[in-house]
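J.: Once you've had a glance at the structure underneath, I'll fire off some questions.
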Ligand code: NAD
Ligand code: MG
């Protein structure tokens, strides 16, 4: 029996890497449903190659896609649209595994739907967990979903934790002899830039990550270190640990993907060449292992592994995220929403790179924090925070 996979965000960087892993194991997995947002031609190629049963696109693209599928004799592929379509494929009874690889808040409801349907959920869409935190984690427990980290750092932490860690009692303290999590960061393309130099960096420079090839939004987040901030929050929720047990370590080579320290003085690390196919394969098959095309690490080639503390003055986003995690409630939603708006404005040449954390900080000051009681409050706050961030961007001259 093969497992039916649904890929939310199939045309993205993670979506493509997922297909790369799946195509090596056609005896174990079939691509049942996929979603895309804008790149219809790429989606069509995917339909031709994998013959999914269902595809989801925005309503305004559905007609064009229908014609393209008809021209290719792929009439049998069902087209669903918008958020309702994303939710329908995420919770579809025939689906076993959901890859949550939509970028940003748009992935929240479909990811949560997959969790509530008790699927094996491979979580790349960190923004969804940052926004919904406890609600997502409790839903996973209640509906017996297997929420497995695809983010390379969290996947490395998961691999380095005791095998029964996720079953351990959930407290703010590390359990089972774990003393600390070391979350590694490459430092991004501007690690050695001065604050002065940072003011003039362009979107093109920000999107050129030294070690990873990723979508634009996460590339900019990696450059501001907001990605590490989001990952700090993600780690606290996934591993039920308070933020002061998570230390960020800059490791420019991206060979060690994160570490776990134990009370007896041990430090366990997961290492590998920087390729997302490794954590994707791990989350797909866990506790088994799948072969991938990723070559084994050659330590003689690697030669050097360096570590340093993050510069939180040059990259204030990291500390903002730490404060937000401490504050809890709706603060992570406010941080995430304003960051999405700020990154889009930077990519659109409306604000400077160094203004991204300023937009976030301002929004956190203006929008009131409260308890994140339910998803409706989270979505409402997300909308308000976006408006406040946009207003601020207009005022600073965007
Ligand atoms: P990407 O920009 O390459 O792809 C995003 C995907 O989401 C695309 O398929 C796009 O069609 C879809 N999408 C975008 N906006 C949408 C919307 N409003 N509604 C529905 N679908 C929409 O991004 P990516 O690099 O693949 O990242 C995806 C997620 O995985 C992000 O949350 C990112 O933080 C996380 N992640 C990525 C990497 C990586 O190496 N790329 C690593 C770790 C985590
Ligand atoms: Mg990561």
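Backbone N, Cα and C atoms are what each Cβ position is placed from, and that goes for glycine too.
Annotations in TrEMBL come from automatic prediction, not curation.
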J.: In TrEMBL, the residues 152, 153, 186, 209, 222, 227, 228, 231 are said to bind 1-deoxy-D-xylulose 5-phosphate. Which of 126, 141, 199 is said to bind at that same site?
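T.: The one candidate that TrEMBL places in that 1-deoxy-D-xylulose 5-phosphate site: 126.
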J.: Which of these, 215, 229, 265, 272, does TrEMBL say binds NADPH at the same site as 11, 12, 13, 14, 125, 127?
T.: 215
J.: How many whole Å apart are the CA atoms of residue 126 (1-deoxy-D-xylulose 5-phosphate binding site) and residue 215 (NADPH binding site)?
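T.: Here the two Cα atoms are 13 Å apart.
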J.: Could you give the Cα-Cα distance between residue 13 (NADPH binding site) and residue 151 (Mn(2+) binding site), in whole Å?
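T.: Spelling it out, the Cα of residue 13 (NADPH binding site) and the Cα of residue 151 (Mn(2+) binding site) are 12 Å apart.
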J.: Looking at the binding-site residues 12, 125, 127, 153, which have a C-beta within less than 6 Å of some atom in ligand 2?
T.: 153
J.: Reported as an integer number of Å, what is the Cα distance between residue 153 (1-deoxy-D-xylulose 5-phosphate binding site) and residue 125 (NADPH binding site)?
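T.: Here the two Cα atoms are 13 Å apart.
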J.: C-alpha of residue 231 (1-deoxy-D-xylulose 5-phosphate binding site) to C-alpha of residue 151 (Mn(2+) binding site): distance in Å?
T.: 8
J.: What whole-number Å value do you get for the CA-CA distance of residue 12 (NADPH binding site) and residue 209 (1-deoxy-D-xylulose 5-phosphate binding site)?
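T.: Distance between the two Cα atoms comes out at 16 Å.
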